[in-house]
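Taken straight from TrEMBL:
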| type | residues | note |
| --- | --- | --- |
| ACT_SITE | Asp147 | active site |
| ACT_SITE | Asp494 | active site |
| BINDING | Glu118, Asp147 | UDP-alpha-D-glucose binding site |
| BINDING | Lys299, Asp323 | Mn(2+) binding site |
| TRANSMEM | 21-38 | transmembrane segment |
| TRANSMEM | 50-74 | transmembrane segment |
| TRANSMEM | 643-662 | transmembrane segment |
| TRANSMEM | 701-721 | transmembrane segment |
| TRANSMEM | 733-750 | transmembrane segment |
| TRANSMEM | 762-780 | transmembrane segment |
Amino acid sequence: MTSANKAKLQLQERVPLPRTAWKLADLAVLSLLLALLARRASSLVSSGGTAAACTWCWVAALICEAWFTVVWLLNMNAKWNPVRFVTHPERLAGYWAGDDELLPAVDMFVTTADPKLEPAVVTVNTVLSLLALDYPAGKLSCYVSDDGCSAVTCYALREAAEFAKLWVPFTRKHGAKVRAPFAYFSSSSGGGAAERGGGGGAADADAEFLRAWTSMKNEYEELVRRIESAEEKSLVRRGDGAFAEFVGADRGNHPTIIKVLWDNDSSKSESDEQAAGDGVPSLIYVSREKSRTQPHHFKAGAMNVLTRVSAVLTNAPIMLNVDCDMFANNPQAALHAMCLLLGFDDEVHSGFVQAPQRFYGGLADDPFGNQMQVIFEKVGHGIAGLQGIFYCGTGCFHRRKVMYGVPPGSGTGATKALAAADSPSYKELQKKFGSSKELIESARSIITSKEAPAAVADLTSRVEVAKQVSACSYETGTSWGQEVGWVYGSMTEDVLTGQRIHAAGWRSALLSPDPPAFLGGAPTGGPASLTQYKRWATGLLEIVLSRHNPFLLSASKRLRFRQCLAYLVIDVWPVRAPFELCYALLGPYCLIANRSFLPKASEPGFVVPLALFLAYNAYNLGEYVDCRLSARAWWNNQRMQRITSSSAWLLAFLTVVLKTVGLSETVFEVTRKEQQQQQGSPDGDGADADPGRFTFDSSPVFVPPAALAMLSVVAVAVGAWRAVTGGGGGPGVGEFVCCAWLLLCFWPFVRGLVGGRGSYGIPWSVRIKAALLVAAFVHLSTRK
């Protein structure tokens, strides 16, 4: 295609978003923060060490407020220059119509780790949605990593491969807008003609579609029934030996299991069954080798195994990875991504293409604060205007060569010329990628941008090679997990890997089509939500304390300084915990100890913290309104921010500190994936069902917020008693407001303490530990 035609067919547009009013609001809040710091510092200096202002709580407040100012500056930087990318997949047809060879192949990776927390039906729906994408079937291959080594998961995928031969042609024929079966059938009642993407409108066509819809729904329900009734023990004992490899397999200690469940290869014989599945991409099941003597590096290790296995089988230049619960919501998601991967004059602008995380079936008003819509709308679009959006671990299209550590060139032509002149030697590739000859040759073709090796005629013929590169000892002495593939060293391997890519000089692009490219399931309930936040925060602090710290990457590599500061917005989540906890304790301390850390209402300085409190909350409320969310959603997220900081982030901070001094090890915790919104309460009592209500268990993550809830009640009671009896003189209205605000934020814990039943109530083990902490705090506060 000529340059003129390419100019006409511009595949993407980078559109700056106006933000003048928000910038003024940013500066207004910043000025109030600085005024508060100046007022407090001047009070400390002018008191000369004799006034009450010089008590430790004023110094602590100054330190905390200085930290809050730093956090505000980091967020200002991240939000300052927002952009969005408009993609035009309809123009992409001009690049490949009649010649599919011009459209790059895509290897799609789905990861699952626990068949109980991540049900096989959830994984199957994700896989089916990917197999049915609007993309040439011969250009797609789907790899599923099963770290749970479950025969049920393998069986479910085998059944899904058979169902896909019916499902994929059905969705393409009728233009289904959603191609995950559970979402498709739940969004249409009775299969009306409106579900068809085509036209017609004739009664006979509608009747034909209705019959096809009903038949397909019955097939899907039968698929679900078979999967949900399958049992591990009965599968491995089957007489046909299909699951013999799972006999005696333990999820933490087993050899590699790789099964080609469907091979889309036009060179195969055209039997009736194969003809029915001609349009179905290849599907491969992978359960990597595990050994109790070898580290497996959690999800990052699984992704690197999938990268190597796919390299020796299909070796697509583009890789897509999604979590097992994140289905393709937009059937043109891959085409939209290609607009960004192919649409820039220089590929350096799209080292990877990340879709923001969106969720289906989410509870109204986001009661657990984990749908993150405002974060992606405000911070995500802002970071997209810098060096690019972060890698979020799912819904991301990667260039394989970028994952192989290839630095960006000045342009596609220059990159090819450089590759031709600087082709790495076999020994260099062997040291970097390992001993597999097939992997080395496939990596060479990707790195040098030369023609790929001849396509594998039969994927099953390469299974033994794939098993070799998925051995748990294969990475020893190579660059995997360091310079190649997903990076090891953090539980948030996604952020760490994205930092490495940006530090190499690549940029990333934000994929935000309408409808969203992918939809996932947000965890519900207190335990699942806080487990997820604790895992994220633990990994982020591991990054801050490692050689991958953004400041070091900015100083020594090509990570831009503003992008470095943007990474710190999330990297410092756990670091915020001790500062926010300290500030939260100042109000209760002052009411109990009869002191103050804020100016009295009659003093001129009271205006500054009051204005800051109102301006900050008005700013945040405005962001939610601007994102078309309710005031209740804003409050739920504000409340969860305080709860998360005092629980998940605080425990993550302590965990990493203990790990750093050699007293603990981090443990990867899988978040439960929801099949659908379940009816009934956690106790099975449907009469009291309240899916938006906080649930609790005996985890230590609930102890600090439970203690803060108790302490707030005690502090307000002591302060009110002292005010009524005339024993005041210390705290003012500011301290009462702080405690009342804290009480409102931790109201779910108050309900759990006094009125909760079953999992809606806080367990006694947590109550006792929290009460001991409160008693110790009150004792220390009242000690002379």
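Placed from the backbone N, Cα and C atoms, the Cβ positions cover glycine too.
The structure displayed is predicted, hence computed values, not measured ones.
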> Residues sitting near the transmembrane segment (21-38): Cβ under 8 Å, six or more positions beyond its termini, same chain?
Replying inline: 62, 65-66, 68-69, 72-73, 76, 79-80, 608-609, 611-612, 615-616, 619, 622
> What count of other C-beta atoms do you get within 10 angstroms of the C-beta of Asp494 (active site), across all chains shown?
Replying inline: 24
>> If we skip the immediate neighbours and take only residues 6+ beyond the ends of the transmembrane segment (701-721), which ones have a Cβ under 8 Å from one of its Cβ atoms?
In response: 526-527, 530-531, 534, 581, 584-585, 587-589, 591-592, 643, 646-648, 650-651, 731, 735-736, 739-740, 742-743, 746-747, 749-750, 752-753, 762, 766-767, 769-771, 773-774, 777-778
> Going by C-alpha positions, which of the recorded positions (Lys299, Asp323, Asp494) is nearest Glu118 (UDP-alpha-D-glucose binding site)?
Replying inline: Asp323
> Given the transmembrane segment (733-750), which of the listed stretches 50-74, 643-662, 762-780 has the most Cβ pairs that are under 8 Å apart from it?
Replying inline: 643-662
>> For a quick check of packing: other C-beta atoms within 10 Å of the C-beta of Asp323 (Mn(2+) binding site), how many?
In response: 26
> When a 10 Å sphere is centred on the Cβ of Asp147 (active site), how many other Cβ atoms does it contain?
Replying inline: 25
> What count of other C-beta atoms do you get within 10 angstroms of the C-beta of Glu118 (UDP-alpha-D-glucose binding site), across all chains shown?
Replying inline: 26
> CA-CA, which of the recorded positions Asp147, Lys299, Asp323 lies nearest Asp494 (active site)?
Replying inline: Lys299
> What Cα-Cα separation, expressed in whole Å, is found between Lys299 (Mn(2+) binding site) and Asp147 (active site)?
Replying inline: 9
> Quick one: Cα separation, Asp147 (active site) versus Asp323 (Mn(2+) binding site), in Å?
Replying inline: 13
> Can you count the other CB atoms that lie within 10 A of the CB of Lys299 (Mn(2+) binding site)?
Replying inline: 23
